[in-house]
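Undergrad: Below you'll find the structure I mean.
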Amino acid sequence: MDPRQDDPKDKKPSQSAPTSSSAEATEVPTEIPAEGMLMPNGKYYSNFSTLESAGSYATLNSSTTGCYAENGSMPILLATKDECNLGFFCPNSTDNAPPQYCPPSYQCQAQRMMGRNCLPQGLLEPVVCEGGYYCPKGGKEQIECPKGSFCPTGSFEPWPCAYGAICPAKSQRQIVTMPFGFMIAFDIVLGIIVGLGFFISAWRKGRKKNYAALPNPEKDMDDDDIELIAKGSKDAAEDHDDLSANPDFQVFMRYISRLIKTKDVGLSFDFEGLEFEPQPGKKILKGVSGYIQSGSMWAVMGGSGAGKSTFFNVLMGKTRHTGGLIKVNGHPKDMAKYKKLIGFVPQDDIVLPELTVRENILHSARCRLPMTWKDRDIQAYVDALISCIGLSHVQHSLVGDANKPVVSGGQRKRVSIGMELAAAPRCIFLDEPTSGLDATSASSIMRLLKAITKLGVTTITIIHQPREQIFNGFDNILLLGLGSEIYAGPTLEAPVYFNSLGFTFPQRANPADIIMDIINGEGFEYRQDHATSETPVARLIENWRTRHQREGPAHHAPQQQQQPQHLLPEDGYNTPAYDPPEQPYHDALADPKRPHPVSMISTADQEAELKRTMKKRGASWYAQAYYCCKRSITQQVRLKNSFFFEIGTGAFAGGIIGLSAFTAEGQLFKGIYHGSFSIISHAVNYTSAPQLGLLGAMAIGLAASAPAVKVFGEEKLIFNREASSGHSMSAYYVGKMVSVFPRLFIAALHFSVFMGILATPVMSWIDMFVANLLYFFCVYGLASCIGMVVKREDGPLLAVMASLIIGILGGVAPPLSKVKQWNIEFLWRTSPGVWFTESYFSQCLVPLDHLYMLDLAKEATGFNLGKFGLDMGVLVALGTVYRVIAFVLLVTVQRKRG
């Protein structure tokens, strides 16, 4: 009988405690067993837990145990036969001597706790295949990795290197150089294209215009149009010799006459009792009434706070009036429906500083002229217009801004006016068009406005203290004070009216200056009786209301029953200093021959013609998107310093992040080995791969968020101006978005190249580039949202903060597994950072599935594995959602601010 076998009757019962629920319940002993065991030294021990038996272990050597440690180490079988896991080297094991585990030495234990490999601790102990080598299935060979392939730690076959990668023999990682070469070649080609573009631009600037090559617009016009041009040219020759001497003026008039035809109705406005009260008890407009005829030239004058700008905004439909009625061509209409036929020149020069004078005007013409016009006609029309506004000598100069001016302030003002004239509007509103202009330029602009007015364009201008020559050029003036009318009527009758109120006009004084003094309540020196009043402006308002009630309401008649009415004398610009007529003002009012303003009511056919005209106006949606995209790319090329800074910052950031992972030699993950081999696992590394994603996300956010705000957030005023003129808002935004894609591609390319060369993760470079590109896409979208709701100077800082926040929400710290325990994973999943980090984690782990138990890493981190396509799809979706939100904010928030 084997002495190790005790008599059953001597066997003491043992107690057991249940463990966690499993398929087969296991029993855990609670007492020291009494059974004996015969040791190789011939001694019999009742159990292995006594000091005596432990001392016998220490006498055993490696030849007996197979373990190298001289500390009484006993081996543990890892398999029942010669089975070696993939990626391991088991040179000595056989079916009779299967792989076994030996307790490590102190030095080996320390190495394993630091996540490093050590030599086998026993004759039969397997070891993970060394980096730079691969161990085929069975684990009996450790073969040097051949040139052109690389072998990370635990490889069972060589991994083929990418084309052009640096992979010498015994490589455990590949250094991908093909993207670097592509980047260099791409940069060279891009530089050549940009240089060629500048060369072509310089060649075009030096090319002389060939007037003989210009098409003859007259062949496309009917008899009415030709008659109109002839009449306009004759009048212009008489009144504006300097413009008539310019051949471009004739070209401009021919082109604009294709849009302004005598048989079509223009735009006239009736406004009755207009009121605007933004807050209870604070009225800005108080019962303003009047009629503006089609093809007339009006000036709106008044002191500060008189309500001029508010009247403009209400009449144009930008601000909804709180009282009264507005009619267009005799019909109550929403002015917003006519925005394609209306031009507005704001007081501030809202132009793009990165474009040239010609490019600003040409873009407006291309987007707003009829889609049937050919580009060569548009080009010729713009050339003529630029000549007419006196900008030919600077047409190829950048406009610049207040911080870095290139052209003068007066030239910027003319560019702003030219952008509206390029659209050939039926009605044009101008807010102080002569401010900042010298006398000659101001007169030239007003002569041009007067010329297009004679073609039927309604011109309404806010103006402050104009020169006498300019003042007399207006057909009518509207004087406002305290939000009410003081006078509305013919310009030349205004002095007569104020003379009837007891004011005198000196012979050589500018009537505009005197009128401004009077309506501001400072005209005491011009009163004949030198009387004073406590409320002089209020008395002027009351006098006009009394006069208006006595004159009676305006009469209405169909347009076809009346002749075109132009109230300004033909030679208005050459009118001398005002000479009061002999007939007193009260007699003039009583004269039955004096025509009253008659409101023109358009017929159904004319309204239909207007609708057809508006439908034709403006380029198609795709053309507008193309022009906006082309313009935005031009801006980015002109802002080359900012562009190169972003590219350089991205490349530097990618290099820094890659350098931080360089010493890992591509091994960014270490886990628990499969099956029984798990006992020889070293310390796990579940953090390096997601940390690489986290650092990459933060670097991309820092590099891209501030430039993205500059690209999207600095054109709010331009967008508002173009949208109010009938430009397609969606076409503008889509064009802007598409123009950024090359910028995103180049930035992501440089970032990924330097990061990939230094970090060398096991994930493919293509996967890394796609993930980086889409995260750039998300950061740009998020930054555009920030830029739409904050001030321009605050945008970059807040965008950087937002990018850091979504980076921190990447599921690294706190880990996503902890977030799941808090039941707020959905909040983290709304951040692109967690999807980006998950893609890095997944692609760095999935290739090592043969070596490690990845489910444990998945459970410990909370990230999903093998769903790279889903991760990329969500990044695309989030970036798109950000852009949709930004567009909504651009249309709503900023339109209200504008």
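Cβ atoms here come from the backbone N, Cα and C positions, even for glycine.
According to TrEMBL, the protein carries these features:
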- 1-13: compositional bias 'Basic and acidic residues' (COMPBIAS)
- 14-27: compositional bias 'Low complexity' (COMPBIAS)
- 555-566: compositional bias 'Low complexity' (COMPBIAS)
- 584-594: compositional bias 'Basic and acidic residues' (COMPBIAS)
- 260-507: domain 'ABC transporter' (DOMAIN)
- 1-36: region 'Disordered' (REGION)
- 549-597: region 'Disordered' (REGION)
- 180-200: transmembrane segment (TRANSMEM)
- 643-664: transmembrane segment (TRANSMEM)
- 692-712: transmembrane segment (TRANSMEM)
- 744-766: transmembrane segment (TRANSMEM)
- 772-790: transmembrane segment (TRANSMEM)
- 797-816: transmembrane segment (TRANSMEM)
- 872-893: transmembrane segment (TRANSMEM)
Undergrad: Honestly, do the transmembrane segment (180-200) and the transmembrane segment (744-766) touch, with at least three Cβ pairs under 8 Å and pairs 6 or more apart in sequence?
TA: yes
Undergrad: Would you kindly check 643-664, 744-766, 797-816, 872-893 and say which stretch has the most C-beta pairs under 8 angstroms to the transmembrane segment (692-712)?
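TA: Ranked by Cβ pairs under 8 Å, first place goes to 797-816.
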Undergrad: Counting only residues 6 or more past its boundaries, what in the same chain has a CB within less than 8 Å of a CB in the transmembrane segment (744-766)?
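TA: Distant contacts of the transmembrane segment (744-766): 152, 162, 173-177, 179-180, 182-183, 186, 190, 646-648, 650-655, 657-662, 664-666, 668, 689, 692, 696, 699-700, 703-704, 772-773, 776-777, 780, 840, 843-844, 847-848.
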Undergrad: Please compute the mean pLDDT of the model over the domain 'ABC transporter' (260-507).
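TA: When the pLDDT values over the domain 'ABC transporter' (260-507) are averaged, the result is 85.
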